[in-house]
Structures are given as C-alpha cells and as structure tokens.
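**Student:** Shown below is the structure under consideration.
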Amino acid sequence: MTQTNNKHYIVALDQGTTSSRAIVLDRDANVVSVAQHEFTQIYPQSGWVEHDPMEIWATQSATLVEALAQAGIDHRQVAAIGITNQRETTVIWDKQSGRPIHNAIVWQCRRSAAICEELKRDSLEEHVRERTGLVIDPYFSATKIKWVLDHVEGSRERARRGELLFGTVDSWLIWKMTQGRVHVTDFTNAARTMLFDIHALDWDARLLEALDIPREMLPQVRSSSEVYGHACIAGGDEDDGIPIAGIAGDQQAALFGHMCVEPGQGKNTYGTGCFLLMNTGAKAVRSGHGLLTTIACGPRGEVAYALEGAIFNAGSTVQWLRDELKLIDDSFDSEYFATKVQDSNGVYLVPAFTGLGAPYWDPYARGAVFGLTRGVKADHLIRAALESIAYQTCDVLDAMQRDAGERLKALRVDGGAVSNNFLMQFQADLLGTPVERPAVKEVTALGAAYLAGLATGFWSGLDELRDKARIERVFEPACSEEKRRSLSAGWKKAVLRSQRWAEDD
C-alpha cells in the first residue's frame, strides 16, 4: 500500500466520448479543480464513428497537467490516479512504436454489423449471452477488433507474433502513462468487450476462435482497485510517478461513486438517453427482460455483478421540444412550463424516435402522442415529454427488480436532467421509491477517485466514503398507489400502440 500521509489529493481522469477531463479531489472528496478538452469526432461514412487515439492521449495528458496547475499543486502531492472511460471503444497499437494502426473505433460505430450477423448465423447468440452477459451487437469491442484485423493488411499475423496490442481506452491511457510498461484493463471494461467470460473471469476461447482474434494482443485483466503501475509525469522516471490505482468503465464508476455497492442499490444517469445499473452482488443475474448482465465494483473494487438497461431517448426528447417544435427556448425552461399545469391532461408522449430500448426492444416502434383533445396546451405536451423520461425509467427498473428478485431501496441519480425538480419528484412518485440527488455532480469521476483512494489507503474504507457521499436532496414519493397504477396503465397502453409502427416500411 502506498504511503499517503503527505499526499492530500486524488486525480480522476474521465475520458469521455466527446472530451477528456481531469478532476482533482481532496481528502473530503471536494472538487478542487477541473480541466477539460474536447477532441475531434470523425465520421468516415454514415453510421461510422472514429477517434484519433493520439488526440485522446494528448487531450487527456494535457488536462492532467492543467488540473494540477489550477489546483496549485505538485504531482508529488497526489496519492493516486483513478481512470474512468467511455466503454467498448477499441484501440489497436504497435507495441514497439506505441502508434495506433487505425483510428479508435467508437462504441457508437455500426460498421461491424455484418460480422454480428455472421455470429448469429453461426448460432453463437446463446453462448454470448451465457458467457459474456451481453447480446451480439456492434456496440461491443469484439467485432470492432475483428474489423480492424480484417482490414489492416498483415495486422492479424503481427498480433499473433505479439507485435500489436488491443485495449479499451483505459488500457491505451495506462500504456501511454507508464511509457509502455503496463498493458492492463479492469473487469468492468473487459466485461464490455463481448470476449470476456464474466463467470470464469477470463477471455473466452470459443469467441476468440470464432472471431480469429489472437489472445496475445489482449490485456491482462485486473480488479478495479489496485496499483497497476506509475504515471511518469513531465519526463520523470517511474519511481517519481503517481500510482495508477483505479479503473472502471463510466457507468460502473458512476454506480460506485453513488456508493451503490450492495445488492438492490441502483442508479440512473439522465443524459441524452438514460443508463440504469442495479447492483446484484455476488450473483450474476440473467435477465428475462432484455437487460444486460455486467460486472460492477464490489465494496473494495472487487468483482460484483449488475443488471444494466439503456433508454434511447431522455434528454433528447426535451431537445426535440426545443429544436424541432420550438416550444421552449432552453431545456431548463421545461420545468417552469411543466409546473404551470396540474397534470398532462391525459396526454402521453412516447419518444420512440429511434425505436424502443429495454425492456421492449422494438426497433420498429415510433414516437407518438396519445390523448390529444382541444383542451391540450403546449404546457401539457412539455409536461408529457418530461413524464416520458420517468415512465421509461420505471419500465427498466421494474424489469430489473423482477429479474433480481430485489426491491430497489432508493434510486441515486446523476446527469444533466437531475436539476429538474419536477422530473425528480414525478420519478419518485411513479416508482414509489425515494430518489436521492447527490451534492457532488461529478459522480463518475468520484467513483474512479474512490477506487484509487481505497487501493492506496488514502481513504480507509467504505464507512469513510459513505460519510462523504452527501445527498443534496431526497425526493420522497407523494402519490397514492391508486394514482400510480392509473398513470402507469395509461403509459403502457400508449407504448403498446406505438409498437411495430414501422414494421412494413
């Protein structure tokens, strides 16, 4: 364990889809400084998304230096670095030169759809579900790796000879920070590759063979909270470096940042869409409702399991009101207009603009508004749009609770939309469960910092961290069971009528 008596800070590196950030935190988990750099989004053709790994590295290393400078501290005062990252995004690089052989293929990229269809034709769906907890989809890293090896001449043979390395973004950053000494990932990121057996905690031989991916190129998989190596800062040597001591994929880091480390604890990140995770403890629960089974962080960063569900349209629904319908000038205005009316006047808005995600999984569903009468005003539509976010969250959480056999104790929330008090209260009313909004908004970074701090003894354990997980406001349910059932029944009827709309197109 690292000696941290004279070290008063932890740095979290938050490498996201559109920007790289560095956050300095003190012993009380207060944010001391934040530095952020956006980087280029590359769209070679429709449905393809790439990043330049060297630009990711340049922006991330720059934010680290800037955040320390802003805080007015020296790197020798930092006890550890924790890393959280966009998941699934795939980097393959030359072991000798440290240069990527191709741009990073981003999690959003759909170029490997044909490879996924091949896997389905080869009857691998059940094997993927059973071993990895995932579904066959271009979203995950496995088919992205195969695509690069298929399209960069000689790369597969070089990978077999140990000349090329694969990593998700965490692996790439650690390789660069340790000057090529360390090639690792953690269990949460490995679990999103569609190559990792989440039960045996090892790379799956059958999937590697099916995709012709050489095992030699894969990183060592470690826990989410331990010292992996040391970041060499400003040309210094390894002995002078900062311990890199925490890794978690962004959603799992947020779950840990919320201190959702016990079975039945869950969080929802309200962004463009929503990401819901519920801790299921030592039990890997197989979903009967289209949810993913994934690895989360246990109380000390060890392996725990979680159910994960994604909602496609949440904040994007409010953006639609603003940009296309011109009903509001600013997303923040939605709360004001929603509270000008007592209810939605019987209106339900189903925001299936790109189909419906969990638990319906209907790509042919389309957006619809139901219950329109002459008495419906713009305010009612705005309210119905906000309510749709809460209804969709309830659908996923109901599925999670049925799958896990666990009743949600409280829902921890983060993301841009949580500042909307109306939405948070309506969410609590629909769930019949308290909704807890944290005081610290940097929950994902907090999770990475906690993992690094635990590994180095900077923080003593969960009890100390729980004292720091301050809740700014608890939204208690204030709705009768009869009213809740009536609202939910109307929503379910609306969803049913929006389904399979585009099936014949």
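Glycine residues also receive a Cβ, built from the backbone N, Cα and C atoms like all the rest.
Feature list, courtesy of Swiss-Prot:
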- Thr17, Arg87, Glu88, Tyr139, Asp250: sn-glycerol 3-phosphate binding site (BINDING)
- Thr17, Arg21, Thr272, Gly315, Gly416, Asn420: ADP binding site (BINDING)
- Thr17, Thr18, Ser19, Thr272, Gly315, Gln319, Gly416: ATP binding site (BINDING)
- Arg87, Glu88, Tyr139, Asp250, Gln251: glycerol binding site (BINDING)
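Tell me what's around each of these sites.
**Tutor:** Neighbour density for Arg87 (sn-glycerol 3-phosphate binding site): within 10 A of its CB lie 25 other CB atoms from the protein chains shown.
Non-local contacts of Gly416 (ADP binding site) by the CB criterion (under 8 A, 6+ apart in sequence, same chain) comprise Tyr270, Gly271, Gly315, Ser331. Under the three-state DSSP scheme, Gly416 (ADP binding site) falls in the helix class.
According to DSSP, Ser19 (ATP binding site) is assigned to a strand segment. The local packing around Ser19 (ATP binding site), expressed as other Cβ atoms within 10 Å of its Cβ over all shown chains, amounts to 14.
The secondary structure of Arg87 (sn-glycerol 3-phosphate binding site), as reduced to three states from DSSP, is coil rather than helix or strand.
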**Student:** What is the interatomic distance between the Cα atoms of Asp250 (sn-glycerol 3-phosphate binding site) and Ser19 (ATP binding site), given in whole Å?
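**Tutor:** Answer for this pair: 13 Å between alpha carbons.
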**Student:** Return only the integer: C-alpha distance in Å from Thr17 (sn-glycerol 3-phosphate binding site) to Thr272 (ADP binding site).
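**Tutor:** For Thr17 (sn-glycerol 3-phosphate binding site) versus Thr272 (ADP binding site), the Cα atoms are 13 Å apart.
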**Student:** Using a 10 Å cut-off on CB atoms, tell me which of the binding-site residues Thr17, Asn420 is the least crowded.
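**Tutor:** Fewest other Cβ atoms within 10 Å, among the binding-site residues Thr17, Asn420, is found for Thr17.
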**Student:** Sorry to bug you, but what's the C-alpha spacing from Gln251 (glycerol binding site) to Thr272 (ADP binding site), rounded to the closest Å?
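**Tutor:** Thr272 (ADP binding site) to Gln251 (glycerol binding site), Cα-Cα distance: 14 Å.
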**Student:** Which one is it: of the binding-site residues Thr18, Ser19, Gln251, Gln319, whose Cα lies the shortest distance from the Cα of Arg87 (sn-glycerol 3-phosphate binding site)?
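**Tutor:** So, of the listed binding-site residues, the one sitting closest to Arg87 (sn-glycerol 3-phosphate binding site) is Gln251.
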**Student:** Ten-angstrom check, please: count other Cβ atoms within 10 Å of the Cβ of Gln251 (glycerol binding site), all chains counted.
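**Tutor:** I count 24 other Cβ atoms within 10 Å of it.
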**Student:** Might you list, by sequence position, any residue in that chain lying six or more from Thr18 (ATP binding site) with a Cβ less than 8 Å away from its Cβ?
**Tutor:** Glu38, Phe39, Gln41
